[in-house]
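Annotation comment: TrEMBL describes 1-81 as domain 'Ion transport'. Residues or ranges marked as transmembrane segment by TrEMBL: 6-31.
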Amino acid sequence: RTLLFALMMSLPALFNIGLLLFLVMFIYSIFGMSNFAYVKKESGIDDIFNFETFGNSIICLFEITTSAGWDGLLNPILNSVPPDCDPHLENPG
């Protein structure tokens, strides 16, 4: 009974923390869409895990937050070799 009462008393604080986490993920999702929307789909970046849409950006950020496969998303973004990263393209990625 005491444990249930403590859980009920902590629910407003948990809601505030969840709302703050969503706000941070919302901001970084928009930042990711503006900077990484045109990254070539390879290794960890596919049809679901990419920054092309807002929903996919939130999914990517959730994956990065849980530390599950973040290196698979990092490798294509850091690709700076000339055929994949051409500064003269309209959307170089």
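Counting begins at 1 with the first residue displayed.
Keep in mind that glycine also has a Cβ here, set from the backbone N, Cα and C atoms.
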Positions on the same chain near the transmembrane segment (6-31), where near means CB under 8 A and six or more residues out: 51, 54, 57-58, 61-62, 65
Secondary structure composition of the domain 'Ion transport' (1-81) [DSSP: H/G/I, E/B, coil]: 55 helix, 0 strand, 26 coil
The domain 'Ion transport' (1-81) [mean pLDDT, rounded to integer]: 85
